[in-house]
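Novice: Straight from TrEMBL, here's the annotation block:
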{"type": "BINDING", "residues": "Asp79, Val82, Gly84, Asp86, Ser88, Glu97", "note": "Ca(2+) 1 binding site"}
{"type": "BINDING", "residues": "Pro169", "note": "substrate binding site"}
{"type": "BINDING", "residues": "His199", "note": "heme b binding site"}
{"type": "BINDING", "residues": "Asp256", "note": "Ca(2+) 2 binding site"}
{"type": "DISULFID", "residues": "Cys47-Cys123", "note": "disulfide bond"}
{"type": "DISULFID", "residues": "Cys80-Cys85", "note": "disulfide bond"}
{"type": "DISULFID", "residues": "Cys129-Cys332", "note": "disulfide bond"}
{"type": "DISULFID", "residues": "Cys206-Cys238", "note": "disulfide bond"}
{"type": "DOMAIN", "residues": "35-336", "note": "domain 'Plant heme peroxidase family profile'"}
{"type": "SIGNAL", "residues": "1-26", "note": "signal peptide"}
{"type": "SITE", "residues": "Arg74", "note": "site 'Transition state stabilizer'"}
Amino acid sequence: MRQCMKFFPLLALLVVSLTGTATVKAATGLNPPVKLVWHYYKVTNTCDDAEAYIRHQVEKFYKNDTSIAPKLLRLLYSDCMVNGCDASVLLQGPNSERTAPQNRGLGGFVIIDKIKQVLESRCPGVVSCADILNLATRDAVHMAGAPSYPVFTGRRDGGALTADAVDLPSPSISVEESLSYFNSKGLDVLDMTTLLGAHSMGKTHCSHIVNRLYNFKNTGKPDPTMNTTLVSQLQYLCPPRTQKGQTDPLVYLNPDSGSSNRFSSSYYSRVLSHNAVLGVDQQLLYNEDSKEITQEFAAGFEDFRKSFALAMSRMGSINVLTGKAGEIRRDCRVTNANYGA
């Protein structure tokens, strides 16, 4: 269901009253047809405690490493936005999806594999890797400060994709190019602006921002939209890339969050003050709708949290496999045809 609505009187999963005044065309629920079920494994009596098992494992990992929250967020995004939420990104292989240049540095595989092992020992052949990834991500980001949004389940796992099938865009694209990409996945400007807010935590490689720092659009100068203090700070951390094989350091996407990996709305405040690290984030100011949403979220953290709940559910429903489509992998790293090979 889509409508032109006052900003944003209803999010279908959570009834929310927000205070903004902008008019934007945005979704108020999941795109039809909705094939997934809330608490699928309990409803079908196939693995009643599946979600509890997943949450317990996430808690154990999170206590030792809070970075699993941004890692799982990126892993889920990289899965859902390519061929739908079918866990194809988890498959290993010499030319697999996870080897694509856009997926360099992906993490979180270890926790998904561990959860799958636990579930296979308790409910063999029942819980899909695709559902595990969606549920584990929800639990990890909730521990980091995000809302514990409902995850509809019943996904099945897809087959392997090659690296050249990965169409994830550059982090330096314009806001219109970004919106076009999200639209192509059935998502809108509210989804885009909300999901980019996941950059409130985590890291990126210097290679993704050096053009902004030294040679923006071949000008030989930094991006003029960047705060000059931020330029200096990042230039110190990210020297010019002048040699083949040069190291590619990591920098925080949101220095305000840093190593705490806390989910917050400070990302939007940084965008408004021209302190965004990635070009695609700073671009939110150059579309009327995304700018209005950015201002709303910077002013109200709860507005962002509630919109995040809907956006994650909408992304998690992209091109899902259900029923007899796909399979339930025994090992998230290989298809069943290759299991034990």
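Positions of Cβ are set from backbone N, Cα and C atoms, glycine also.
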Novice: Looking only at C-alpha atoms, tell me how far Asp79 (Ca(2+) 1 binding site) is from Cys206 (disulfide bond), rounded to the nearest Å.
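Specialist: Just about 23 Å between their Cα atoms.
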Novice: Please give me the CB contact count at 10 A for Asp86 (Ca(2+) 1 binding site), counting all chains in the structure.
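Specialist: A 10 Å sphere around the Cβ of Asp86 (Ca(2+) 1 binding site) contains 28 other Cβ atoms.
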Novice: Within 10 Å of each Cβ, count the other Cβ atoms and name the one among the binding-site residues Asp79, Glu97, Asp256 with the highest count.
Specialist: Asp79
Novice: Quick check on the disulfide-bonded residues Cys47, Cys85, Cys123, Cys206, Cys238: which one has the highest count of other Cβ atoms within 10 Å of its Cβ?
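Specialist: The largest 10 Å Cβ neighbour count belongs to Cys85.
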Novice: To see if you understand the setup: which same-chain residues, six or more apart in sequence, place their Cβ under 8 Å from that of Gly84 (Ca(2+) 1 binding site)?
Specialist: Gly158, Ile318, Asn319, Val320, Leu321
Novice: Do you know offhand how many angstrom separate Cys80 (disulfide bond) and Cys332 (disulfide bond) by C-alpha?
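Specialist: Roughly 15 Å, rounded to the nearest whole number.
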Novice: Quick one: of Cys80, Val82, Cys129, which of the recorded positions has the smallest count of other CB atoms within 10 A?
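Specialist: Among the recorded positions Cys80, Val82, Cys129, the sparsest Cβ neighbourhood within 10 Å belongs to Val82.
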Novice: Sorted by position, what residues of the same chain at least six away from the residue listed as 'heme b binding site' have a C-beta under 8 A from it?
Specialist: Leu253, Asn254, Tyr267, Val277, Leu278, Asp281
Novice: When you average the Cβ positions of Asp79, Val82, Gly84, Asp86, Ser88, Glu97 for the Ca(2+) 1 site, which other residues in that chain have a Cβ within 8 Å of that mean position?
Specialist: Ser78, Cys80, Asn83, Cys85, Ala87, Val89, Gly158, Leu161
Novice: Could you state the CA-to-CA distance between Val82 (Ca(2+) 1 binding site) and the residue listed as 'substrate binding site' to the nearest Å?
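Specialist: Checking the Cα atoms of Val82 (Ca(2+) 1 binding site) and the residue listed as 'substrate binding site' gives a distance of 10 Å.
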Novice: Measuring Cα to Cα, how many Å separate Cys85 (disulfide bond) from Cys129 (disulfide bond)?
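Specialist: Answer for this pair: 10 Å between alpha carbons.
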Novice: Tell me the Cβ neighbour count for Arg74 (site 'Transition state stabilizer'), meaning other Cβ atoms within 10 Å of its Cβ, over all protein chains shown.
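Specialist: So the Cβ neighbour count for Arg74 (site 'Transition state stabilizer') comes to 21.
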Novice: Return only the integer: C-alpha distance in Å from Cys123 (disulfide bond) to Cys129 (disulfide bond).
Specialist: 13
